[in-house]
Each structure stands twice: as C-alpha cells, then as structure tokens.
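These notes concern the structure reproduced below.
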Amino acid sequence: MEADGAGEQMRPLLTRGPDEEAVVDLGKTSSTVNTKFEKEELESHRAVYVGVHVPFSKESRRRHKHRGHKHHHRRRKDKDSDKEDGRESPSYDTPSQRVQFILGTEDDDEEHIPHDLFTEMDELCYRDGEEYEWKETARWLKFEEDVEDGGDRWSKPYVATLSLHSLFELRSCILNGTVMLDMRASTLDEIADMVLDNMIASGQLDDSIRENVREALLKRHHHQNEKRFTSRIPLVRSFADIGILASPQSAPGNLDNSKSGEMKGNGSGGSRENSTVDFSKVDMNFMRKIPTGAEASNVLVGEVDFLERPIIAFVRLAPAVLLSGLTEVPVPTRFLFLLLGPAGKAPQYHEIGRSIATLMTDEIFHDVAYKAKDRNDLLSGIDEFLDQVTVLPPGEWDPSIRIEPPKSVPSQEKRKIPVFPNGSAAMSVGPPKEDDHHAGPELQRTGRLFGGLILDIKRKAPFFLSDFKDALSLQCLASILFLYCACMSPVITFGGLLGEATEGRISAIESLFGASLTGIAYSLFAGQPLTILGSTGPVLVFEKILFKFCRDYHLSYLSLRTSIGLWTSFLCIVLVATDASSLVCYITRFTEEAFAALICIIFIYEALEKLFHLGEIYAFNMHNNLDELTSYTCVCAEPSNPSNETLELWKRKNITAYSVSWGNLTVSECKTFHGMFVGSACGPHGPYVPDVLFWCVVLFFTTFFLSSFLKQFKTKGYFPTKVRSTISDFAVFLTIVIMVAIDYLVGIPSPKLHVPEKFEPTDPSRGWIISPLGDNPWWTLLIAAVPALLCTILIFMDQQITAVIINRKEHKLKFIPMPVLYGVFLYMGVSSLKGIQFFDRIKLFGMPAKHQPDLIYLRYVPLWKVHVFTVVQLTCLVLLWVIKASAAAVVFPMMVLALVFVRKLMDLCFTKRELSWLDDLMPESKKKKEDDKKKKEKEEAERMLQDDEDTVHLPFERGSLLQIPVKTLKYSIDPSVVNISDEMAKTAQWKALSMNTENAKVTRPNTSPEKPVSVTINFEDEPSKKYMDAETSL
C-alpha cells in the first residue's frame, strides 16, 4: 500500500480537533533544561556524552533489587528529533535495550507478575432491525484459532501472520489512544465509565455520544461454544447486574472437577450454585488446556454508525477481575483493548485486533505489558517486536495460507539478553558446543573410590519414591504391557537356543529366572531404572564356545560358568569403583548411531528369519497337481535305516520295530519314536501344512501394519484427543489382543509361545545352587578371570536402554501366536529407524540437491563431505554385522570400542566445525579447558576493573551519587546498528499515518510520576576554546 493511500485509510484513527492535545511521536520526547555550568565547576573535564548506564544482566538485576524500587527510579534518556549534529540514537538506547531494562526490573508487588494469557477477540456485530451483540471471532492460547466463516466450528490452531501495515496502525493506536494502566475496577460498568471519562477529558470522545458508546460496550457477548438454539435469548445479563469474583490470583485457569464446583481464589470464592459463572456454558475440554493461574486479555473491535472517528483504549486491570460472560472461559481479565470506529472499515479494525492479540501471545511483549509503567513502555515493546519480525515478500506468499504450528517453539531468551559492547550477541545460534555432549556431572570422573556411585545415590535418593508414584499412569501401563510382551519372548526364545547349545544345562526356565532377578534388581537400585539387562547374540556365542571348551577338556560346564560369573561380578564392581562410566563420553553420535542401527537391523532380520524358519517347519508342496489332490497321502512308517540314537531310544522304552503299529501313529507319536513319513503329501518334517504357514504370514504382516497404524492414530482426525492418545499409547498391546482374538476365532493351529509350566531346573538331577569348583581342578578358579573379562565387556556394551517389568508367574503369553510376536519385533526395528540421522543421510544418496530436505547440517557442511561421513559410518556398520554373524562374534564389543578410534581418525579429514554439525565433538584435554577458563576469567576481571576506573560521578537528588561509565556510553558510528524507533519515524508509511499530527505543536503533558528530566551540559575545552554539548537523562 502506498504512503498516500495508507494515510488516507488510517486518517480517522488519528484525527483530532483543533482544541485537542496531540502526542507527537518523534522517537522519544523529552523535557529539556538547559543549564550553564561555570568553568571552575567542570575543570579538568573533557567533553563527554553522559547517560545512565542501564543494567541488563542477571547480576545487574539482582543489584537493582538490592537497592530497592522505592528510591531507585528508572530514568530514560530522551532526545529531541531536531538534532543539530544529525546523530542517531546511541546504540545503548534501542527499543530492544529499553525492553531489556523493563524486563530487568523486579517489582516487589505481586500485581505485575506475568501470568499465562488467554486472549479472546470479540467483534461488534449487528444487522438492520436487530440489536448489537459482541460475537467471538478468534482466540489465542498459544496459537490463533478462528471461527470459520459460515460454520459453527473452530479452525485448527495456526501461526498468526500479520501485515506490517496493521502493526503500524496498532502502534499509532497505542500512541494516540487512551492508555490506562493499573486500573482498579470490579465491574465492566466501572471500567467503561473510567475509560469514557478519560476519553472525554482528553478530547478523544464527544460527551454527546457517551451513552451510545457505553451502551455498545455493555452489549451481550455471544461465544462460539454456546448452542445455536440459545442465540435468540439473552446469553448473559447486563454487565451492570453481573457479580464478579476478583482476586490477584483468582480463577486459577482450571476448574475444580469436584462435585462442589468451588472456584479457589486467594481467600475468596464461591460455590457453583452461588457463583454468577454459568458453568453449563463453559467448554470444559478447552478449559483443561488453559494453564493454572492464567489470566485473560480481551480484544473488543467493531464498527458503529454514531462515530465519526475511531476511539481506542488499552486498559490493564490491577488486580485481575473475573467478569462473567465477557470471556468464554471463567478466567480473570487482566487486559482490555477497545477499538470502535465508523462503519465501513471492519476488516481494518479486525486486523488491528489480531495484531494486538498476537502481540499479547508474544513472550517478550507479554512481559512488557505486565511491567509497563507508561505508554512509552508499551511503544518500546511494539518497536522491539517490529525489530524481530520476519517479512515475507507479498509476491511470494499468500497471507491466507495458514501455517501449521511448529513442533517446538524457539526460545526467546536471546531477546532478553543485551548485545555486548563489541557488537557480539550474548546468545548466538550456532553449532552445538563441545560441552553440550555428555556434559552432565554423571559422566565426570570424581577421582575418589566409588565417588560416582555415591553421587548417583545422592542424586537418586530424592526421586526414589516418586519413581514409583509416577509409574501410576496410563502411559506407563501401556509401556509395561508392551515391554512385557516384547521382552518375554526373546528371553524364552534365547533360553531354548541356550538349551540346545548347552545340551540342557541351561535352558528357558533359567533364562526366565535370571532375567526376572536382574530386571527387578537393576530397576530398583540402578541409577537408570529404565534399563533392562538381557541376553544377546554375542552372549549366546560366548556360551557355545565355553561349552565346547568344557566338553573338549572334560570340565564341568556349570561349575566353570559359576566361576566366570563370580569373576564378572568382581570386575563390574571394579568398573563402578573406578568411575569407568566416564569413558562413555568418548562414544559420540557416530558410534551410537552405528550401534542403534545394528540393533534395528537385528530386530528386522531376526523377525524375517523366524518367519522363514516357520516355512521349514510347516512346509507346503510347491509342485501340487490339483487333479491328484485326492490321491495325496502321508503316513508314518518304520525307519529303513535306524540310527544308533533311535536304537538306544527303542531300547530305553523297551519296544521293538515290529511291536509298533506305525501306520496308526499320529504325527507327534511318529516323531517321538523317530519314525519316517512316507507319501506324496509329506515334507522333510512331516505332512505338508500350507494353511498354517500362510496364516502365520497374515498374522505377521497384519501385526506390523496394525501396530504402525494404531501408533500414528494420535495424529488422525477421528475421536476426541484423549481417546486417540490412549489408542496410540496402547498400540502394540491392542494389536496383540486383536490378533490373538482373531487367531482364536479362525482356529488355525498356529504355533504358540511355549512357557515353562513348573519352576524347577531344566536338569532335575541338580539344584539351583552350583559349586564354583565342582569336579574341576583348582586352577580353573583363577583361569576363569580371562573369559570373565570378555564376558564383562559383553555385558557392559550390550545394555539396551528401555523399560521392562517382568512378572515371572504370568502364563497368559502361551496364547499368543509366535507370528504375532515376530511382527512386534519387525515393528520395533522399523519404528526405531525413524529417529536415526544416519538413515536420513543414506537417503540423500538418491536425491538430487534441489529435492533434498532442509536439514540443518546441509547448510554448513558440503554435500560430498556428508556423503564421505555416511560411507565411513556405513562401512563400520557392515563390519559390525559381519562380525556378529560370524564365528568371531565374541569380539563384537571390541569392534564397538574400535568405532571410537575410527571416529577419532576422522578429525584428520573434517574440520571441528563440520564435525560439530554431523557428530558430537570429542572431549579435549582437561588441562586445555582449565587454561581457557582461567584466561577468560582474567580478561573479564580486567574489563570490569577498567570499567570501574572510567566512571563519572555526578551528584543526584537527595544527596545520592550517580556513577556513570563513560567509555561504554558513546554514539554508535556503526551503520549496521539501527534504532527501529528512529528508522520507523522516517518511513513514508509512518509519516502518512502521522500526517495529521504534524501540525500539532502542543505536547500532551506528561503525567507520569517518573517524569524524565534531561539536562544539557556545556563543556568548555580549554586548549581549543570550543564548546561541546552533552545530554544527560536523569
């Protein structure tokens, strides 16, 4: 929009009569007192620009609080627009720094403590022949929600996009309108009367139309959540008759769900029956989303036919007041913004209302609005907001497009921290720092025996009880059920494999008992209770090698295994005593992702492998002839060439080949007697059973896809949020229940998980307690330390961070089909791949550059180096898989440790900055860190000492002494340093909006108790006999 058009459009917002006072915004206004000082009074002083050094940092704020707000008043430096020397505002007096000063003040009163805000915008709507009413059109909690045109529904929350012109118009409204801060009122009647009195006194409103405006303000409010059929009856009574519930902390933003329905305030409140709040019209689902202690900000905009120019008011109540019916939810109102204007400009007023509502949701302006002392503070907040906004080109973006809210909102803390004198920001966005990776005290070596364990106990003790109480939630129950089903199957499956490898020495019941003990003990007493210790593939390989060694050298396997277990316990205690966990800081993302990717691939591979294994057990005929199906048979027959094992079995059972009726045996009996299956319908392990295999395939993939669908159900548009969240949390458990029920109803005999029925050792000839020596020689007790060292590394490196609670006596898992559990394995593996950056980088190989996603590391690292990093990581992953799948699996932990050294070698190929984006930085030497820290502290001390020396002391009121740093208070000669308040006043758009105030010469008197005073001091420079002016704002 051009300047002339903008001024013409907004002229009604700024029009004043000839006898009215005008506020001229020239960046800053000041009351200047020119004082001539005698020569001897300023002897030996050079010409300096004197100003108040504003404290911004946290330390300065503490010092400000210590001095007390009663006698330490804020002083602002105001400069005249008619600068004789043409200099701009000093860099320390930008809107950003003024806002930082405002936020740095710490008032002792509780009335100005910022609360969460719920903002609602109502527009005055009317039709010919019908009365006015305020209708809710939008609301803001975190993001904007609009009432859809033509529909009785709310839009999805979206990021509000504002036009720069509407923000300029809003600033003009605050500049020229009525601003009343800390108004004490209890009803909307009182608020309206005080606002109208102020408007009439300032000439903004004519007294003849006062009653019309007042009547419009007190019209009823229609909220979106009210039923359509009730819109024809009065929704609320007149605000003059409505009681209030006022308290600085009243209506905490959440309703008490008890039957009494009490509203808890600060000693005041009423029951649901006695309160004027109509609870039947409160949207309880939305009310739950409002934080406790929240307050309301009401924006009222509209057009009427009795006004010739707009009237504007910004009101802050102190304390906040609950005005029933004004807001759709019963929270106390803190802020009111009113904009009423002549008919024909409703869209313009609507955009101004959206602008102030969006500003109230901004973290910085929100705090400024609470702590503002006068109109200038609010203008500084708007200017700081304008200084931070991002402008989208009009030809490249459609403002009607609604932007989805981001997953995480960026922090605004950097807007609260000032820029250093050298121009560098206090907080800058950059690559992750070195200290961010494994920087917690948990991984720092203490240098004392069991020092880390003692610190862990101290850290965990305060939360030990809450760990149990926090588990009493629906999400924890979902995790328990999921992990129970996911972890019990591997334990029992591993036990079966272990039984085969050790010829029944250790089998399923021992694995189940061991997993239960370690899981419960570790969860109760470990520093991380969400870790489960379970057996893995390398452990199985270790057991196979150890059993083979014992069998070859005629040693007792269980006794030697007991000795190794005792040595392993001792070595683990040594690791704890020496704080060996601190070495984990050398395992960066490079190693973590390779190991995590390997686990995901193992889950996927084993799930598919077990499915193929079912195809071998339940084979099907791949050469069927449909015409000969009736002739297919499969019977049990005597083995033609019985083995020695078969003969030994017959002898032990006291049977002969002739005494058995082979043709009448069942499949299981035939396998028991080592019979042979004969016939065209027989496979390697018995008769063909095609329906079982194909049913297992259906169960397997249905479990996977159903788990994925239910897990993503939270983002679907069906059912209420709570229902969707519950379904998503219990996705895997619900999938297992559904698939078990389907399998039961179909009736196909799919293989089921086998759970031991009795709690007894696999070998009935031994007990639970094994002697570490047994029949072995004495030296085995010592030599067992060598394999124990390798076993310790295996256990230490194979921990998986997850959560599990194992209930050993539960046997309901026997009804779960094995393909369903295999499908769960597949889901666990595939779902875990999504959060690994390594796989995102693999996908970049097949993408052209223009189609690649906007990944943060692609902005700072060349693409070819990203590919090199990925290839190295992929090579290490392949080596891990090859070693794990081969006979050398016992050295698998060593390979994981070797990844650390591979990562260290990459420092030679990549710069530190590139690795900071692709990976975590390796820890440097401790000495280097200490040297850097000492050097930084020394420089800081020297800088502070220099600041103390270069200080001007001026006598102040009441005998106080004003200390002013001189060197830090200089004019900015850097053209990149911009004061947006000054620059905005130069724009054609702002001049067009302010053109009607340029002719006004009378400045509105400053009624603020903290009236800024500016002293112009003339310094005489003796050598050059020249006079220089400097300005002090006190």
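Glycine too: its Cβ is placed from the backbone N, Cα and C atoms.
Over in Swiss-Prot, the protein carries these features:
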COMPBIAS  60-77  compositional bias 'Basic residues'
DISULFID  Cys634-Cys636  disulfide bond
DISULFID  Cys670-Cys682  disulfide bond
MOD_RES   Ser57  phosphoserine
MOD_RES   Ser60  phosphoserine
MOD_RES   Ser155  phosphoserine
MOD_RES   Ser238  phosphoserine
MOD_RES   Ser250  phosphoserine
MOD_RES   Ser268  phosphoserine
MOD_RES   Ser271  phosphoserine
MOD_RES   Ser275  phosphoserine
MOD_RES   Ser424  phosphoserine
MOD_RES   Thr951  phosphothreonine
MOD_RES   Ser960  phosphoserine
MOD_RES   Ser1033  phosphoserine
REGION    815-915  region 'Essential for cell membrane localization and transport activity'
MOTIF     1031-1034  motif 'PDZ-binding'
TOPO_DOM  1-476  topological domain 'Extracellular'
TOPO_DOM  527-563  topological domain 'Extracellular'
TOPO_DOM  615-685  topological domain 'Extracellular'
TOPO_DOM  751-776  topological domain 'Extracellular'
TOPO_DOM  834-876  topological domain 'Extracellular'
TRANSMEM  477-497  transmembrane segment
TRANSMEM  506-526  transmembrane segment
TRANSMEM  564-584  transmembrane segment
TRANSMEM  594-614  transmembrane segment
TRANSMEM  686-706  transmembrane segment
TRANSMEM  730-750  transmembrane segment
TRANSMEM  777-797  transmembrane segment
TRANSMEM  813-833  transmembrane segment
TRANSMEM  877-897  transmembrane segment
Interface check, the transmembrane segment (777-797) with the transmembrane segment (594-614), three or more C-beta pairs under 8 A: no
Rounded Cα-Cα span from Cys634 (disulfide bond) to Cys682 (disulfide bond), Å: 5
Cys634 (disulfide bond): secondary structure state under DSSP, collapsed to three categories: coil
Long-range Cβ neighbours of the transmembrane segment (686-706) (under 8 Å; 6 or more residues past either end): 607, 611, 614-615, 618-621, 634, 667, 670-671, 677, 679, 735-736, 738-739, 742-743, 746, 748-751, 817-820, 822-824, 826-827, 830
Three-state composition of the topological domain 'Extracellular' (615-685), taking helix and strand from DSSP: 31 helix, 8 strand, 32 coil
Surrounding CB atoms that lie within 10 Å of the CB of Cys634 (disulfide bond), all protein chains: 15
Sequence-distant neighbours of Cys670 (disulfide bond) in its chain (C-beta under 8 A, six or more apart): Cys636, Trp662, Phe677, Gly686
Between Cys634 (disulfide bond) and Ser155 (phosphoserine): CA-CA distance (Å): 67
DSSP-assigned states of the topological domain 'Extracellular' (834-876) in counts, ordered helix, strand, coil: 31 helix, 0 strand, 12 coil
Ser155 (phosphoserine) in three-state DSSP notation: coil
Fewest-neighbour residue among disulfide-bonded residues, criterion Cβ within 10 Å, set Cys636, Cys682: Cys682
CB contacts for Ser155 (phosphoserine) [other CB atoms within 10 A, all chains]: 14
